[in-house]
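Colleague: What follows is a structure written as structure tokens; I'll ask about it next.
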Amino acid sequence: MEAILSFAGIGINYKKLQSKLQHDFGRFLKALTITARALPGQPKHIAIRQETAFTLQGEYIYFPILLRKQFEMFNIVYTAHPVSLRTLPCVETEFPLFNYQQEMVDKIHKKLLPPYGRFYLHLNTGLGKTRIAISIIQKLLYPTLVIVPTKAIQIQWIDELTLLLPHLRVAAYNNAACKKKDITSKEYDVIVGIINTLRKKPEAFFEPFGLVVLDEAHELHSPENYKIFWKIQLSRILGLSATPLDRPDGMDKIIIHHLGQPQRTVSPTTTFSGYVREIEYQGHPDFVKPVCINEKVSAIATIDKLLQDPSRIQLVVNETKRLYSLHTAEPQKWGTNEPYGIIIFVEFRKLLEIFYQALSKEFKDVEIIVPEVALLCGGVSNTALSQAHSASIILLTYGYGRRGISFKHMTSIIMATPRRNNMEQILGRITRQGSDEKKVRIVVDIKDTLSPLSSQVYDRHRIYKKKGYPIFKCSASYQQPYSSNEVLIWDPYNESCLASTTTPPSPSK
């Protein structure tokens, strides 16, 4: 049997394959079907969602190239799809890499050498996945397509590529740019595009690229985004992710079919000291009751109810004031002009405006940046993001902030609403490689004691303990939205401790 080895994967004549397998053909296809696991409270249409590791195009059925070994029993003879790739200009440029980054670059480069290769890099948040990928681009010297989930990450890639490889022609591919001129691999060496725009392009657009980099590859599980895999089955694909196997519905297998199992590098030796300030907040009875939809507790609706409590909003403002006074006093004490940054995380967008208005009343002379609002509302996103790199206070939603946003001067987080998932990525916003490890990281975690969501704090404790952060507990209420009575409830150096009155460390060691 003959197959086509092409940019769309391994193509085998549908009728010939069906004839070869006969009555086993249906069972064979079913084995390559992935079904999402049903989760408590999950909508039925999501719980029964199915995706396949193959696609039909004309008379051929296409499989990911990584499944080639499964077809050796068919005595397949591959016919390579002819693709002529140009070579990028070779200019000797050097930029520093940490030892663990250089080791991973060497490993990836070897894996991606011709005729084809796949690599799925698993590297924790803030440890330099982008820089590793740029080093691979420099080594392979092929026209490269970088696919990202958001405009903010696109801008960061453009900035980093321009800084590290200034001799290459780099372009951002988005709707606005494409209306002005056609952006292709003939005119540019590296194109950085947002997946929402790129997935609409025909296969011919992708064919001239010698390398595709998928940033935040774990997010390609959705039915719409997953379709792009059939357009980018090129010779070399590099996937990047901080949480490659973290999907609770089990749909990670879709990406693994195309990229292979994630490969993790050795963790760097840089560590960031920090501590957690856990505030047990007793809210007003009118706002802490769970909100049920279809007889089940709705986390989103319950959080929305919690934030209708004006005292709880004031608590976040008070904690921001407390951190800000620490952050402005310490630089003055040590003779520097760089205040530490505070990120305030909320669950959804409408809360950004609520907290922005509340904070603006208290910080009249301080620039509070909400880059997400500018991006989502069609504002001057480049300006907003540029301002955010020097801002003292940034407001973000969890969903936006967990996606590779890089602000190296940020050292503190206030979790204004409860959170369970993606905590490692959230904490990664203040532990980025190359930032000042001498500054103590501070996490303010508000536990709504009377809410059914209060149990989520134990999932967060697991991540804090993994980081080695001591946990200090204090209390507040709707009658007094000022935290007090701070006691140590977990000490990484004395895990048997129950409570003490130990004082948290100063923001500067």
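Going from the start of the chain as shown, residues are counted 1 onward.
The backbone N, Cα and C atoms fix where each Cβ goes, glycine too.
Note that the structure is predicted; figures quoted are calculated from it, not measured.
Pulled the feature table from Swiss-Prot, pasting it below:
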DOMAIN    110-262  domain 'Helicase ATP-binding'
BINDING   Leu123, Asn124, Thr125, Gly126, Leu127, Gly128, Lys129, Thr130  ATP binding site
MOTIF     215-218  motif 'DEAH box'
Colleague: DSSP helix, strand and coil counts for the motif 'DEAH box' (215-218)?
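Modeller: Taking each residue of the motif 'DEAH box' (215-218) in turn, the totals are 2 helix, 0 strand, 2 coil.
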Colleague: Express the predicted model's confidence over the motif 'DEAH box' (215-218) as a mean pLDDT, rounded to an integer.
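Modeller: Summing pLDDT over the motif 'DEAH box' (215-218) and dividing by its length gives 88.
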Colleague: Around Leu127 (ATP binding site), how many other CB atoms lie within 10 A of its CB?
Modeller: 22
Colleague: Of Asn124, Thr125, which of the binding-site residues has the most Cβ neighbours inside 10 Å?
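Modeller: Selected residue: Thr125.
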Colleague: Hey, what's the Cβ neighbour count for Thr130 (ATP binding site) at 10 Å?
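Modeller: Other Cβ atoms within 10 Å of Thr130 (ATP binding site): 21.
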Colleague: So how many other Cβ atoms are close to Leu123 (ATP binding site), meaning within 10 Å of its Cβ?
Modeller: 23
Colleague: Taking 8 Å from the centroid of the Cβ atoms of Leu123, Asn124, Thr125, Gly126, Leu127, Gly128, Lys129, Thr130 as the cut-off, which other residues in that chain fall inside it around the ATP site?
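Modeller: Neighbours found: Ala242, Gly428, Arg432, Gln433.
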